[in-house]
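Beneath this line is the structure, given in structure tokens, with notes to follow.
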Amino acid sequence: MCGIVGAIAERNVSAILIEGLKRLEYRGYDSAGVAIYSQDGGLRRSRRIGKVAALEQALAEEPLAGRLGIAHTRWATHGVPSEANAHPHFSGSDLAVVHNGIIENHEQLREQLKALGYVFSSETDTETIVHLLHHKLQGLPELADALKAAVKELHGAYGLAVISAAQPDRILAARSGSPLVIGLGLGENFLASDPLALRQVTDRFVYLEEGDIAEIRQASLQIWDAEGRSVQRETVQFHEGAEAAEKGEYRHFMLKEIHEQPKVVQRTLEGRLGSDHALVQAFGPQAAELFARVRNVQIVACGTSYHAGMVARYWLEELTGIPCQVEVASEFRYRKVAVQPDSLFVTISQSGETADTLAALRNAKSAGYLASLAICNVGTSSLVRESDLTLLTQAGPEIGVASTKAFTTQLVGLLLLTLSLGRVRGTLATDVEAKLVEALRHLPGNLEEALAMDKTVERISVLFADKHHTLFLGRGAQYPVAMEGALKLKEISYIHAEAYPAGELKHGPLALVDSNMPVVTVAPNNELLEKLKSNLQEVRARGGELIVFADRTAAMDNGPGVHVVNMPPIHDLLAPILYTIPLQLLSYHVAVLKGTDVDQPRNLAKSVTVE
Ligand code: F6R
């Protein structure tokens, strides 16, 4: 999704802006641009379709230098990816704006502004902001005053940054629905939609809150809240290594993040397990009192996070007896829901900024839920700030667009939730809990073992390189794991992949199976294994090639058209976490073989902050 970077300094900011944009590349985008003010040349810009490297090349050929600038990566929503639609947008030659989000009333504003004589040079909603601001400046010459007046007329979501040749000692910023953070330097200050963009220049950040407007100067910062009151926002110091944004020895961020899983799962467990039980306080001081009242759980999320919720349903109902519903946020938010009494509303999100999940949470607030809980990877995100309870996963920044370590840490968080609810409600036997806690302690080691199968999985990936369709099968809690495996494969290798509960095969999808359709299955050694084996016979009988990730104690043999990959034994309830690893590796290797852009697959964005 779109990214914003801004800088005001004593030095030339051009390289800082480009480096910031590169660090935001992981979010997905289709064009990039920069506007820089210099005393001799005024406000000038450069924009390019495609990668930031193309913009960098343009700047090498025709440099822009100055001590004030804003930059942007755009992911097209209103208007095709083109140079004319790329940000920054200008009004006249003196005023430039970059914007993330969507202005819903842009058509109406466009008509009003046209009637005032403004000429539009793009199809974007953003251009209405810059002309509106220009118009406001006629009566309110201070940039901050004009911006305060302009945002009152904007409906929708925005994180935006403004610079003006008439007031070249400041950047103005406004946030409503799209995150913005100010980076504090020494005698220089910065702005970005994600602190990752600024980690090379500072480790001190001030997050803007909803409705805030900020005036950022070289040596000062002023913030007004939605009511126009001057406010101080807390400065947050980052301690985490700036190297999180580097690939290190790995060829892709996705591979690095797959291999980080033992470490980040360990971190997610840290401080949350007692000797033989999960610590309910990990969910916040009011958790124990609230959990004691929970009689129903509603989970809402999108994409991979939704799949984590689907796994959790099996855990919650089996271990706590509490009924659980799981729904994708884009559906839930527009539905009239019948809320069960004493329902806990749980959202799951890596970014905590996914528009549909946030909207669902906001709707839920007035729908009669007992309380809201966010399981999220970003502590400063809107989802976390707007939820009653939080459990932060400790996956660290996830750069690859395809979610990997976020998913497994979400599963860990959801299992901790299950244990905590079961404990507080008295529905979970203490010996069952103790065994699971013990198994959780071994989980990072189990994940290491699964990662050690990388070469085997790489060899198997060759079977997929020339295929156009695949089927993923699972039973029980492995069904959502199969769904996640199919999502990974389709998003990064562009091979059509579908997931089915194995028992559904004969009710339709079996008609598709032939030698051109590999079938991937996850088969832990549990009470569903025998049933799964007969489903696999159904596939073999139709000539389908089988790839089975099976517990090595399950006695499944290789044979013609059957490729068995042996997995280490694991507590059955933890199997969904373990079996996710080979499926991630499989998608990764197939994508590498196909030569796709693994970290930034086509048409996708990391953080979906618009509907
Ligand atoms: C898939 C993927 C997406 C996200 C989804 C929700 O690999 O990354 O499906 O899981 O967009 O994002 P978050 O978890 O940030 O709410």
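Including glycine, each Cβ sits where the backbone N, Cα and C put it.
Now, the feature entries from TrEMBL:
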ACT_SITE  C2  active site, nucleophile
ACT_SITE  K606  active site, for Fru-6P isomerization activity
DOMAIN    2-219  domain 'Glutamine amidotransferase type-2'
DOMAIN    287-427  domain 'SIS'
DOMAIN    460-601  domain 'SIS'
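Within the domain 'SIS' (287-427), the DSSP-based counts of helix, strand and coil residues read 63 helix, 28 strand, 50 coil.
Distance from the CA of K606 (active site, for Fru-6P isomerization activity) to the CA of the residue listed as 'active site, nucleophile' is 10 Å. Taken residue by residue with DSSP, the residue listed as 'active site, nucleophile' is part of neither helix nor strand, so it is coil. K606 (active site, for Fru-6P isomerization activity) carries neither a helix nor a strand DSSP state and counts as coil.
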